[in-house]
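According to TrEMBL, the features are:
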{"type": "ACT_SITE", "residues": "Ser838", "note": "active site"}
{"type": "ACT_SITE", "residues": "Lys881", "note": "active site"}
{"type": "BINDING", "residues": "Gly462, Pro463, Pro464, Gly465, Val466, Gly467, Lys468, Thr469", "note": "ATP binding site"}
{"type": "COMPBIAS", "residues": "1-18", "note": "compositional bias 'Polar residues'"}
{"type": "COMPBIAS", "residues": "55-66", "note": "compositional bias 'Low complexity'"}
{"type": "COMPBIAS", "residues": "686-696", "note": "compositional bias 'Basic and acidic residues'"}
{"type": "COMPBIAS", "residues": "697-714", "note": "compositional bias 'Polar residues'"}
{"type": "DOMAIN", "residues": "94-307", "note": "domain 'Lon N-terminal'"}
{"type": "DOMAIN", "residues": "748-932", "note": "domain 'Lon proteolytic'"}
{"type": "REGION", "residues": "1-26", "note": "region 'Disordered'"}
{"type": "REGION", "residues": "55-79", "note": "region 'Disordered'"}
{"type": "REGION", "residues": "685-714", "note": "region 'Disordered'"}
Amino acid sequence: MLKLLSSTAHTIHHSNPSPRVGSNPIKTPLFKALSQLTGWNHELGRRRAFCSNQSDAAADPKSDASNPEASDTKSSSAVVVSTTTTSLDDYQTVIALPLPKKPLFPGFYMPIYVKDRKLIEALQESMRRQTPYAGAFLLKDDDASADSSSSSTTCETENVLEKFKGKELLNRMHEVGTLAQISSIQGEQVILIGRRRLRITEMVSEDPLSVKVEHIKNKAYDKDDDVIKATYFEVMSTLRDVLKTTSLWRDQVRTYTQHIGDFNYQHLADFGAGISGANKHENQGVLEELDVHKRLELTLDLLKKEVEVNKIQASIAKTVEEKFSGERRQIVLKEQLKAIKKELGVETDGKSAFSEKFKERIEVNKDKIPKHVLKVIEENLTKLQLLEPTSSEFDVTLNYLDWLTVLPWGNISDENFDVLRAEKILNEDHYGLSDVKERILEFIAVGSLRGTSQGKIICLSGPPGVGKTSIGRSIARALDRKFFRFSVGGLSDVAEINGHRRTYIGAMPGKLVQCLKTVGTENPIILIDEIDKLGKGHSGDPASALLEVMDPEQNANFRDHYLDVTIDLSKVLFVCTANVIDTIPKPLLDRMEVISLAGYITDEKLHIARDFLVKNTCRDCGIKPEQVGVSDAALLSLIENYCREAGVRSLHKNIEKIYRKIALKLVRQRASTVVPAVSVDVTDTEDTKPLAKTDSETSTEGSTVLTDESATKTEQSGVVAEKVMIEESNLADYLGKPVFHTDKIYEKTPVGVVMGLAWTSMGGSTLYIETTFVEEVERKGRLRITGQLGSVMKESAQIAHTVARRIMLEKEPDNLFLANSKLHLHVPEGATPKDGPSAGCTMITSLLSLAMKKPVRKDLAMTGEVTLTGRILPIGGVKEKTIAARRCQVKMIIFPEANRKDFDELPENVKEGLDVHFVDEYEQIFELAFGYDH
């Protein structure tokens with residue numbers, strides 16, 4: 001219904017003069033001093049805005065224009081209305097107007113908005129009848145806005161006024177209000193001028209709300225009372241302090257003092273409360289107070305608070321101004337310093353300095369930079385000179401030029417094509433891996449004959465810990481090329497390969513461009529690690545982005561999204577690593593030359609441990625070689641019982657564990673030989689003699705003897721430190737119980753059990769196939785399968801059952817065991833998932849062994865896929881399966897005929913002592929497995 005309009009406070013003069021207090025207060029010396037201080041006559045203050053919807057600047061012109069009496073005054077914003085006191089007493093029934101924010105004090109005017117059509121019509125009607133008066137009463141706080149009057153918004157007030165009418169609205173108003181003259185009505189805006197205090201006695205009508213009122217007077221007081229005088233002058237003094245801190249009220253103070261006529265006690269109290277920033281409850285208390293002395297005291301409290309608030313505001317404003325002034329001063333001084341340095345030639349302009357730096361970079365190898373790149377650089381240098389250093393485009397162009405000029409355009413490092421030197425380096429860094437070494441030497445030989453090398457893409461595939469990553473470093477050392485490695489495992493953002501586009505802050509080139517900047521040459525060796533673990537997300541498919549990089553026909557014109565110029569990657573030797581190649585996309589795999597690393601056999605691990613791992617670990621732990629000895633038997637036991645994986649990473653960790661325990665024992669032993677009373681540090685004194693060996697120095701574990709390290713430093717003492725020997729017998733004292741046991745479950749193979757060979761990501765392993773009889777079923781032979789087998793292996797079992805029944809009909813027509821029996825086929829270690837087609841021949845042999853009640857050879861292992869017609873198909877992982885068979889002391893192995901070439905490529909030490917048979921029909925396996933003298 002109502003909405004207050006924010007405005008500058010204005011005052012009016014009551015024509016009814018109040019009684020004077022002695023002489024006129026406006027003539028007092030204190031008031032004259034106040035006038036001299038402010039520069040105007042009788043400036044006292046300015047009332048704060050009453051509403052929050054419109055500015056003071058917007059409200060004042062409207063208010064002055066709408067008040068016809070204001071035009072009759074002097075050039076001032078005050079509203080002065082001349083009226084007779086007798087006419088005001090006649091208004092005993094008035095329209096009640098609710099005020100949501102602050103009460104209206106006599107002498108002030110207040111613009112409000114009236115949205116209720118009935119109410120606005122009633123107010124207009126009263127003006128036509130020459131009775132332009134209404135009652136203005138402050139609203140009480142409801143439950144929703146009981147916290148503070150300032151927290152309630154105009155919208156909430158409108159909701160309350162629209163919701164309640166009549167008696168309910170009356171109950172939400174304070175009884176004491178102000179008789180307000182309606183100065184003007186323009187649309188919904190009504191300007192009220194406070195006249196005198198009223199009190200509601202009863203309700204007359206509900207819509208619009210009209211009430212009967214009584215005009216209330218101030219209580220009588222003694223004008224000559226010293227306490228009242230002192231309070232009056234203190235209020236005046238406080239107003240003077242307000243003027244010192246706030247200059248916003250001075251115009252209004254001048255207008256008020258010019259037209260008030262008489263600045264008596266009650267007027268001063270109302271004026272002080274009206275201009276204060278107090279909340280509506282405090283102002284309502286001043287309005288309701290009829291005791292002039294108490295009213296002055298209330299006003300004094302409000303003004304004191306206002307002074308303190310103004311002081312705090314002034315302090316904050318001063319602090320902020322000093323801060324910004326200091327920053328502006330620093331900026332001006334920096335600019336002046338730059339200008340002085342430029343005049344002296346000490347420093348050039350920022351843009352010029354950057355341009356000179358970029359030009360110096362390209363001048364070094366300007367002839368080698370491609371023309372299209374040189375053109376882009378020159379265009380951006382010109383653009384840089386036209387941009388302001390404060391613009392964001394300046395930073396983008398600056399970074400772009402920095403990348404373009406820092407790349408090694410045409411810079412190729414010298415290569416070493418000495419094959420013998422390269423072979424020596426590869427052998428120093430790695431034992432075995434002859435296939436990989438041979439391929440690298442071939443690459444070097446071709447480069448030696450051509451006089452220059454070509455970029456190649458090699459993929460090293462193998463289980464973890466076989467040295468794929470370290471081979472890349474060895475290749476770089478052998479060729480004298482720069483080396484750069486980055487991993488793409490889990491990479492899902494294509495921008496990491498192709499770079500970001502220069503359309504947002506933080507854009508940068510891809511890893512390949514970053515590599516060229518880091519190494520400084522165009523022909524480095526880039527190792528892309530874990531390429532089989534590439535991710536794929538919402539930012540694109542990195543595998544597809546690598547297709548251009550890995551294609552020798554395309555990477556000569558590789559285009560990075562950030563640089564947006566072509567880069568030659570054809571001279572780069574890419575080395576990729578992967579654990580398995582099955583997860584690599586086929587188009588990407590087709591671009592790479594795959595070299596498989598099957599892993600290390602026991603003999604190779606033994607050499608690696610003895611010649612590399614033990615020596616390096618001993619050095620890293622700070623132990624001298626003469627202090628510890630490790631036997632070959634201990635290393636062999638460590639490999640067989642603790643570290644069976646294809647690589648040597650676990651072997652290295654276990655050797656480190658042994659040496660850490662030895663280091664701890666040595667330190668403890670040394671500490672036990674130190675006499676506490678001696679203040680000299682025995683570890684730093686060369687001539688300190690070791691004490692006698694105590695019982696704690698001797699280990700009870702085997703023949704291992706630990707002595708103080710200081711004994712090894714003092715040969716002249718005659719005490720010789722004994723070595724810590726690691727033997728097979730005391731290996732468990734350092735590593736605990738063996739992790740692995742023999743894969744050979746049966747010393748003598750029972751009926752229905754056959755050993756197969758399997759490939760895993762950790763290398764090869766043996767796999768037993770067990771078949772047993774469950775129950776007899778007449779001509780309904782069935783097969784139950786367990787062991788957590790995959791779908792391919794389950795199909796192999798069904799095929800094996802069918803082929804075995806056919807073979808039994810051919811070999812022993814009267815033997816109907818498979819046709820009339822329910823059988824159970826199981827593969828041990830059921831917690832391990834198993835799948836693959838290579839167990840077909842093993843399953844057939846297990847079923848036939850059970851049907852014929854005849855076991856197979858105890859030292860036999862086989863692998864191969866079988867068709868329904870009995871053909872044996874090739875399998876993979878020949879080397880791994882051969883190593884697994886040797887580990888289990890298997891003497892005879894059966895491989896498919898198609899895998900003969902794979903077996904022939906194995907090292908001689910792997911094939912040594914094995915009786916290997918190659919077959920292409922199951923009939924041959926039948927003769928080898930059962931054709932022996934039982």
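Note: Cβ is positioned from N, Cα and C throughout, glycine not excepted.
Note that TrEMBL annotation is computational and uncurated.
Predicted, not measured: the structure shown is a model, and the values here were computed from it.
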Near-site residues: ATP, ref Gly462, Pro463, Pro464, Gly465, Val466, Gly467, Lys468, Thr469, CB cutoff 8 A to centroid: Leu460, Thr577, Asn579, Leu597, Gly599, Ala646, Gly647, Arg649
Neighbour-count leader, CB within 10 A, recorded positions: Thr469, Ser838: Ser838
Cα-to-Cα gap, Thr469 (ATP binding site) vs Lys881 (active site), nearest whole Å: 25
Count of other CB atoms lying within 10 Å of the CB belonging to Val466 (ATP binding site): 27
Model confidence over the domain 'Lon N-terminal' (94-307) (mean pLDDT, whole number): 79
Among Gly462, Gly465, the most crowded of the binding-site residues [Cβ within 10 Å]: Gly462
Lowest local Cβ density among Lys468, Lys881, which the record lists as recorded positions, within 10 Å: Lys468
Between Val466 (ATP binding site) and Ser838 (active site): CA-CA distance (Å): 25
The one of Pro464, Gly467 whose CB sees the fewest other CB atoms within 10 Å, among these binding-site residues: Pro464
Between Lys881 (active site) and Gly465 (ATP binding site): CA-CA distance (Å): 18
Alpha-carbon spacing, Pro463 (ATP binding site) to Lys881 (active site), which is rounded to whole Å: 14
Lys881 (active site) versus Gly467 (ATP binding site) - Cα distance in angstrom: 20
Residue pair Pro464 (ATP binding site), Lys881 (active site) - Cα distance, angstrom, rounded: 17
C-beta crowding around Pro463 (ATP binding site), within 10 angstroms: 21
Between Gly462 (ATP binding site) and Lys881 (active site), the C-alpha gap once rounded to whole angstrom: 15
